[in-house]
Every structure is written in C-alpha cells, then in structure tokens.
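Summarising the annotation, TrEMBL assigns region 'Disordered' to 339-392. TrEMBL lists 12-31, 43-67, 79-100, 120-139, 171-194, 206-228, 234-254 with the feature transmembrane segment.
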Amino acid sequence: MDSDSVRSLSRRVAIGVLFLAAACTLSALIAKRATNLRNSTVIQRLGVLVLGSALIHIALSCLILFALGAGMSASTCSAAGIIGLVSYLCTKLLVFAYLLERVYVVWHLRLIPRRKSATYRLAALPFLAICAVFGYVIATRHNELRPYASPGSRSRFSCHLGVDNTVAAPLLLATSCAFSALLLALFLIPLLKAQFTRARTIARKSCLASAASLCSEAVVLGVLLWKGGWERSFVWLGSCGADVLLNAIIIYSITSSSHSTSSFDLEASLPPPTPYPDFASPRSQFSKSSFGSPRPSMSRAHSLDHFSFAQAAPSPPKVAFLLNRPLRGLSEDLVVEFDGEDGDEGKTSSGSPSSMAFLDSLHSNYTPSPSSSSSPPSYPPPQSPKGSTLGI
C-alpha cells in the first residue's frame, strides 16, 4: 500500500470518527432535552428541533459518504448535493427561528401577542427573505463528477458540490450575515437597557448564540466563495456538519430543560400570576388558630363539627312593636316583643305563646259597630303602657 492509499484511508477514517462523535453527542443532547415535551415552552421545543435537524444532517452525510459513495455515480452525487444542502439550510432556518423567538421573549416577555409586536414583525420580515434566498440557493445548486485518480479510492471520480458563485453564494452570505447581525443588535439593546437580572441573562445568552451563528456561517460561506463556489463532497458536508453541530451545542447550552427549576425562559423565569380574589366564594371553615382561647360552647376537644353558632353568637336586641289597631274590648295598645330567636319568635309581653296567631284571631273577631257605617269611630289617643321600650 503506497502513501496515497494510506493518506486516503486515514482521511476517511478520521472523517468517519468525527461524524460518529458528532452523532453520539447530538443523540445524548436530544436524550436530555426530549423529556416532558408536552409541558415545555416554544423555545425548548425549537431547541429540540434544532438538535434533531443537526442529527439528521450528520446521519445523512454519513450515509452519503460511507454507505452510498458520493462519487460512485451521477445520481449519488446529485443526491448528496440535494440532501446535504436541504438538511443544512433547514437546520439554519430552525436556528434563526429559535433566535427570533428569543427576540420576542427578551423584548416583550410574551406580554403581548406576536402579531402586535413591532420588534417581532421587524425581525420576521428578514426571516421570510432568508427563506426565499434559501429556496433560490437550492434551486441553483451545482453537482459535478470530476476524475480522481487515486489508488485507494473506490471510484475513479470525485463528487464536487457547489452553488452559483456569481449570485447565489454572495446573496446567501449577505442575507444570512445581515440577519444574524440584526438579531445580535436586537439582543444588545435590551442587554444595555434592561434593569432585571434575568432579562439581561436571556439577552446575554442570546447574543452569544447569535454571534456564534454569525461567525460559523461567515466562515463556511467565506471558504465557499474563496473556493469559487465548489468543494469536494466530504469537505462540503463536513463543513456544514461542523456549522450545525456548533450551533446545536450553543443552543443546547443556553436553553434550559423542560423540568429545570433554574430556567431563564418565560414560564420559569416569571413568577406565577396572582389570582384575583373571589369575593363571591363562601368563607372557608374557621380554623383553630382563629380562636384566641377555647370557648365553653366548644366541646369534644374543641371540634368544630359540633360547634353551634347559635350558642356562641350574641343574642339580637329585643324590639318592641306598638300595635295601634281598632280592636273591640281593648283600651290600650298591645306591645309585642320579637327577639329574633328560633322557637321564641312572636312572644307577647303578656306571655302568649304565639303573637301572630293571637293578632289574627283578634282581627277575625273584630266587627264594627252599627254607628261606624255613618261616621268613622273615634278612638282615644294611644298611650304607651308601662314597661314598653319603643313607641311608634
């Protein structure tokens, strides 16, 4: 085996080890974050999607490079260009969507809807432009098989992938870097003006993620432009894989888990809202601590189940009603006292058992005199009897 074969084999082994390490790392990160997704926030779900998309890109790159062989035929080379570019750009879109969501959290803390947020709409318009640019780059991609004479290679051709160096590559570099710079500025402004520690922490971590995305993308696209828009398949897929792996690790580090108590996302960082008091709800049962000392009315080890409010409550004041009615045989008014107690209601001052029945009987037995038809009867002015407490 000559030196060229050893060099080619060692390169393939090194690339395979790097891809395997990246796949294992992303799998471990997803296993830690993909727990209790139903109760997670939008940012946490986007973080898991970024990790999953990066893992898919790494897995597809390994499949193309080591299983199918990008240089085996024109179809495999074209598939390598389509799959690698689409998975890479989809991962970058998820990264931008994640950063866009953090812009909304930093600026408004989800206190207003997204459609009413001027800052969110300002950042969403370039995001839509990025989607259009990515679609144009995918449509104008290039793939080509070139002769490659190496004793250690399985094929005699090498797959080269690239984009249009005149329009697509500069447009992709300009729009991606401009959008990353815009996100970085939107994170720096709250970082300088925020008065709350957690808001500054969210802005600081978001600045790190945006700066890392800007730097990695600038390096990848800058090298692509320097190479004239063309690169070999393993260089293209490897550089894109390194970019998405770096972004995924940074997003994992700044995103808290769904069950973490030290989350800096909105649901975990903000205190729970104070509910309005329910004035219409009935009062809760008295506790033992509300009584300073035990009362005689409380028995059985002061159990409130046997507590009688009628015994503990003070008796209402007695009210005397003076009845001035034209009753036959009565020379003075009748004073009736009501004390408001159950079972004692309606006792008269003379000790009658039922004042209401007594008054009804008097009214039913009353018959006016014959002289009352011509002229109304005259009665002496009422006089309050002795012992009456109220005269009306």
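Cβ from N, Cα, C; glycine included.
Quantities reported herein were computed from a predicted structural model and do not represent experimental measurements.
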Best-contacting stretch, by C-beta pairs under 8 Å, relative to the transmembrane segment (12-31) and drawn from 79-100, 171-194, 234-254: 234-254
Positions whose Cβ lies under 8 angstroms from the transmembrane segment (171-194), at least six residues beyond its ends: 92, 96, 99-100, 102-103, 106-107, 119, 123, 126-127, 129-130, 133-134, 136-137, 163, 200, 203-204, 206-207, 210-211, 213-214, 217-218, 221-222, 225
